[in-house]
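S.K.: Handing you a structure now.
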Amino acid sequence: QHEGPRRVKRAWVIPPISVSENHKRIPHLLVQIKSDKQQPGGVIYSIKGPGVDEEPLGIFSIDKFSGKVFLNAMLDREENDRFRLKAFALDLGGVTLEDPTDLEIIVVDQNDNRPLFRRDVFTGRVVEGAEPGTCVMTVEATDADDPETDNAALRFSILEQGAGGMFSINATTGEICTARPGLDRESVGVYNLTLQAADMSGDGLTTTATAVIYLEDINDNAPEFTKEEFSMEVEEQAAGLEVGRVLVHDKDLAGSPNWLAKFTILEGDPEGAFAIHTDPYTNDGVLSVAKPLDHEVRDRFQLTVSVQNQQPLEPGAPGSPRALATVQVRVRDVNEAPVFRENPRRVSVPEGAPPGTPVTTYTASDPDTRQLQTLTYALLYDPAGWLQLDPHSGTVRTKRELRHPSAFLQGGWYIALVLARDDAEPPLSATGTLSIEILEVNDHAPLLQPPAGVVCGRPGRGGSLLLGATDDDRPPHGAPFHFQLSPQHPQLARNWSITRFNVTHAVLAVLVELPEGLYSLPLLLRDSGTPPREQQQLLNVSVCPCGRDGTCEDGPRAHPLPPAVLALLGAARVRGRRRALRKGLLQRSQDDMRDNILNYDEQGGGEEDQDAYDINQLRHPQLLQPRAKPPVRRDAPLRSGTPSAPRKLPSGPSDIEDFINEGLEAADSDPSVPPYDTALIYDYEGSGSVASPLSSIVSSLTDEDQDYDYLSEWGPRFRRLADLYG
């Protein structure tokens, strides 16, 4: 059975409703809705959504019995351009009669918003001389109205830009470009344009803004001197001084490379006496002196100076007719100091020249040849007072003899300073250095050092003596020295011989066995000067009996100190190490203890000898300064030892004997002591002493074992030691 198509009931549908924004008749009926399932008892209508029970509240409402929807407030499309609501139909019991349906309310736009520029002032830049059609900037504006309508269709225009009409604007895009040639920053540097934007394609609402266009500078103007000739003046001898300024004018932007000038001296200064540079703040050309000027050589200069920009001129820009200027510079004469043309002056004078000997004439010259001035001279520095100077002629003479050696000579040269002064107001002066070489003269014969010695009297077994000599003359008038037995006594050659050891020493040897005793040998010593100087001198030789090893059986001994003093020194050192307090008292004592230690340089003298030792050398042995290794003593045998210096003081009483023996050997080997200090031999030294023997120092090492009460019996000189140790 064929059935026909079944009819489907359509649900209720409400078409969109349009309402204009800013509608002022309130309340305004928008629409009436009606359900197809209206019941006999009636239908209850309601709406929900934005504008009803959602923000913004209260804009729309509905009559629940009739279904009429009302607008209760003015609408603004720019805030809400449409509202989507839900409509409901219920019976009187609250049961839904139909499914909810959509209710869309569209807000229709009105031209109620003016266009707005994105900023009040637009800024742009363009170089001067730009070609027409060069775009500068683009301005922008907005409109809050519906962009799909003419309410937001904007058009741009230039209301005002001053004379010339140099710029144009694209009405649709807002792009501003140059319209004509002839933009010149030096004529008009800034353009202010008043712009307009209008909606409704230019026929609606309008707004305005400002466009500021700056012209950027190009180097289209050459610098020009303000005048053709400048005059200046400067003192002579002034280097680095500013002479004056040349002024220029440039129309380009101040401070830019197109404005900064560069100056060049083209003519008139072949010596390079002047320099010119640019003042970056004023653009002036600053002329200064590069080399000292001399009025007497040249008193006037005429310079030709050119100017141009640091930045090259634009092609096609006209050159300047005043790019060259003449600068007249006059050099003023001033007083100049005298000048020693030869400085220092070096001359030579023989050693020992008599007073009044001419040395040299040392004069200066005055550069002021156009002024009548007189120079006078004086000795500014003459440390030895050796010279005299004529104040008018500058002649230098000796005032007294000056010989080698002298503390005033530096490597054989004597240095003096001479002052030259003019008589101008104020006077000026100059200083000249006079270097005088003191020529060495051979005026001293060599001297035998030392003039005495000891040898063993047996040939080949210690029977030799090293001889030396000194000469006060400087090379080449000194060594090598020549030693020989006096030719006037040829018999000496039978017993003695002299052979060369080095340039300053010779060896005296015994040829035959000699009896012991004192021998005086006349020797002839000669130096190597020109002419050579020679002198005959006596050598005192002590011949001693030979031992098995070739040394004297009774070896040399130094003068012994009295045993009492040696005992006191040893005991004081041992006791002072153990009693620091007593040592401190001794060092803080105001009494001079040096008077208690007597100097026995030679036998005799006793306690009346008051040339005392310095006790600090014993208290502080570290203060002793080491000296260089001494040469071999010339009056001792060749193989005698050379002690090292300085020597260590004994650390205990048991070392005192070694300490004394070492001192004895040092005295024998020291070439600096006079010959009478050679140790003497005494066959008999007395029957005893009131002092304790040296063995008492070694026999006990404790304070309790030593008895120092006897010190109080030795008199006032030993009272301090008696108080400390008694």
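Just so it is clear, glycine is given a Cβ too, placed from its N, Cα and C backbone atoms.
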S.K.: Select from 266-285, 306-325, 346-365, 546-565 the stretch of residues annotated by TrEMBL as region 'Disordered'.
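M.R.: That would be 346-365, the stretch labelled region 'Disordered' in TrEMBL.
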S.K.: What does DSSP give as the helix, strand and coil breakdown of the domain 'Cadherin' (341-448)?
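M.R.: So the counts come to 0 helix, 47 strand, 61 coil.
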S.K.: Looking at the domain 'Cadherin' (467-565) alone, can you tell me the average pLDDT?
M.R.: 81
S.K.: For a three-state summary based on DSSP, what are the helix, strand and coil counts in the domain 'Cadherin' (235-340)?
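M.R.: Within the domain 'Cadherin' (235-340) the tally stands at 0 helix, 45 strand, 61 coil.
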S.K.: With helix taken as DSSP H, G or I, strand as E or B and everything else coil, how many residues of the domain 'Cadherin' (467-565) land in each class?
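M.R.: Counting residues per DSSP class in the domain 'Cadherin' (467-565), I get 8 helix, 42 strand, 49 coil.
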